[in-house]
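Taken verbatim from TrEMBL:
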type	residues	note
TRANSMEM	6-28	transmembrane segment
TRANSMEM	35-59	transmembrane segment
TRANSMEM	65-86	transmembrane segment
TRANSMEM	93-112	transmembrane segment
TRANSMEM	118-139	transmembrane segment
TRANSMEM	151-174	transmembrane segment
TRANSMEM	186-208	transmembrane segment
DOMAIN	250-382	domain 'GGDEF'
Amino acid sequence: MRFDLPTLYTVAILATAASSPMLLVAWWQNRKAATLAWWSGATLLLAVAAVVVVGRGVVPDAVSIVAGASLWLAAYGGMWCAARVFAGARPRLAVGSFGAVAWVMLWQLPAFRDSQELRLRAFSVLAVVILALTARVYARMPDLRSVSRGLTVGLLSFQAALYAVRIPFAAYFVFPVPADQVGIVFPLWTIALFLAADSMPFLVMAMVKDRVEIELRRDALRDPLTGIANRRAFFDRGERTLARMLADGHPVAVLMIDLDLFKRINDRLGHAAGDAALKLFCNGASALLRPSDLLARTGGEEFACLLPGANVADAVQIAERIRDWFAGQGPTIGTADPVSVSIGVAATGPRAHDLAALMECADRALYAAKANGRNRVEWISPERGIGSAAPAAAGRAPANLTMA
């Protein structure tokens, strides 16, 4: 099998160059994805570097070797910066240009200039390091677990492996290759390298698309003001948790929470203060809950909380901690008036196997707390099932308010 190297180089360079405007257009359509612009620049730089490298003979050797290789390494450094931008970190251009700077410095050594094999090994080592670091950035992204990310890490690692193979076998990669000595190793290696490089832009765009979809799904299940779960998320996750806990024979409790006289805060201090009070409550209540508990905003100043593994007595203790903490937050909110929450508690019982029914029972307990003067916790005992409830005095045994 014979390969026409000029044709191979031309096709590879054109494919690489074409990726740059494609990435730029994708960034123009999604300005938040700055990583696309970085990848566009890095890909264009790689195409320019390839032109300079393969132009040896037309371009003076020193220019081809120094400028071409340093631009190639700078392109890899730009990809590392692009990965950092995608991860939400600063690009750190000074670090990204390390490979290019190191190459220029090595060129000052006579032994380095005189040995093509040494140059091939040095370039390969620098490329392996930069590509491996880029793969590491993508591999350490906990917020993005997708096929595209795994393929990106794999493809970057594959390119690093291609360069690693070249370190001990530099003699087989001497460039330029005389026309009568073209074998199969160098062309296949070149094809593999450029195919991997030309696939990267598509994987990068796929990762951006995956992240957008993940964020949309997350936003659909998250309250935009407080950042906690919304009503939809509460039912979605809550019903699954309830079914699992009941199957294992464990109790589950629900708290229905309402900020007392919240309209007064809005009317006297403004809606910004009201929003701050909601955020304060969510942050404080979340800190008092266990990692397995689920707090959600179900309405304006109304919240629901699912407590897996908690019976009525456990849930009342947690509710009292929340109520007691919030009662002292008036100065933090900026009001001299007392602030408080009312909380209704219900737990699973013989006939309470449904999340909506549990919330209804906890709601009745909440209404009782409101009717009994606010700033209190009321509960419904599961012993007698679901039904009408009579108000209970705060602080008494959980069995005082029953599901008749």
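Any Cβ shown, glycine's included, is placed from N, Cα and C.
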Check: Taking contact to mean three or more C-beta pairs under 8 angstroms, with sequence separation of 6 or more, is the transmembrane segment (65-86) in contact with the transmembrane segment (118-139)?
Finding: yes
Checklist line | Residue numbers, six or more beyond the limits of the transmembrane segment (151-174), whose CB comes under 8 Å of its CB atoms | finding: 116-118, 120-121, 123-125, 127-128, 131-132, 134-135, 138-139, 183, 185-186, 189, 192-193, 196-197, 199-200, 203-204, 206-207
Margin query: Using a Cβ cut-off under 8 Å, which residues of the same chain at least 6 positions beyond either end of the transmembrane segment (118-139) come close to it?
Written below: 65, 69, 72-73, 76-77, 79-80, 83-84, 86-87, 98-99, 102-103, 106, 111-112, 149, 152-153, 156-157, 159-160, 163-164, 166-167, 170, 173-175, 207
Checklist line | Per-region confidence, the domain 'GGDEF' (250-382) (mean pLDDT, whole number) | finding: 89
